[in-house]
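Colleague: Structure below; questions to follow.
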Amino acid sequence: MIHPEEAERLQGVNLYLIGMMASGKSTLGVELAAQLGFQFFDTDVLVEQVAGCPIPDLFAKQGEAYFRDLETQVLAQLSSYTRLVIATGGGIVLRPQNWSYLHHGLTIWLDAAPALIWQRLLRDPDQRPLLQTPDPEATLHRFMQQRQPFYAQADVRVSIPSEISPPQLAEQVWQAIRTRLREGIPSKLNTC
Ligand SMILES: Nc1ncnc2c1ncn2[C@@H]1O[C@H](COP(=O)(O)OP(=O)(O)OP(=O)(O)O)[C@@H](O)[C@H]1O
Ligand SMILES: O=C(O)C1=C[C@@H](O)[C@@H](O)[C@H](O)C1
Ligand SMILES: [Mg+2]
């Protein structure tokens with residue numbers, strides 16, 4: 001568990017969880033927010049609330065560009081608050097404009113192994129509209145390659161080679177954040 005005094009090291013700066021679909025952002029986000037005493041938000045859930053329909057329907061009816069516009073609007077609004085843990089959609093890193101919001105906080109890349117992601121997606125095949133292709137595994141690998149340089153812009157990277165419980169992952173992520181804070185991120189945190 002993260003001690004409340006430890007959490008104050010963040011000075012209220014938001015944590016943005018980024019990474020591929022099914023890397024575990026939404027699952028970890030709930031755990032991390034509870035331990036830090038921060039509020040949790042999920043951009044995918046907020047987009048669904050704004051649109052009034054599930055993401056697969058939104059993609060089918062309005063197209064990806066419309067979804068991306070709503071995603072940017074939701075991210076912009078969240079970024080004006082503090083003390084949040086935010087699980088983002090897997091493709092949020094693609095728009096340069098989104099980085100102007102992500103850079104308000106600390107970005108954490110959940111770098112889950114491709115095999116782990118694929119196993120998880122097999123359990124839940126209909127939820128990811130971008131993988132409704134003749135060869136979804138090949139599509140997934142292509143996305144991973146294309147997006148890797150964008151995820152790599154994160155302040156903190158946590159490798160996830162195999163299944164790990166959310167509390168254990170939260171501990172690992174917190175240690176990685178502490179290490180990064182010790183190195184100093186002056187533009188985001190007061191140093192005096
Ligand atoms: N640490 C974990 N231990 C066990 N199962 C997990 C863990 N993290 C995620 N999962 C499972 O993997 C699946 C995907 O997780 P999750 O929805 O958190 O990923 P995500 O990164 O938010 O994906 P998306 O980008 O599509 O929103 C879910 O079925 C979830 O229950
Ligand atoms: O990887 C992606 O581009 C996506 C991931 C999901 O979280 C959703 O945001 C949506 O299905 C698109
Ligand atoms: Mg999610």
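For all residues, glycine too, the Cβ spot is worked out from N, Cα and C.
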Colleague: Based on TrEMBL, name the residue from R95, R128, R142 that is recorded for the same ATP site as A22, S23, G24, K25, S26, T27.
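Modeller: Within the candidate list, TrEMBL flags R128.
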Colleague: Which of these, D44, D124, does TrEMBL list as part of the substrate site with R68, G90, R147?
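Modeller: TrEMBL lists R68, G90, R147 binding substrate, and from D44, D124 it also lists D44.
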Colleague: For a quick check of packing: other C-beta atoms within 10 Å of the C-beta of D44 (substrate binding site), how many?
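Modeller: Excluding its own Cβ, the number within 10 Å is 21.
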Colleague: Looking only at C-alpha atoms, tell me how far A22 (ATP binding site) is from G90 (substrate binding site), rounded to the nearest Å.
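Modeller: That separation, Cα to Cα, works out to 8 Å.
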Colleague: Go through the binding-site residues T27, R68, R147 and pull out the ones with a Cβ less than 6 angstroms from some atom of ligand 2.
Modeller: none
Colleague: Please state how far apart, in Å and to a whole number, the two most distant Cα atoms are among D44, R68, G90, R147, the recorded substrate-binding residues.
Modeller: 18
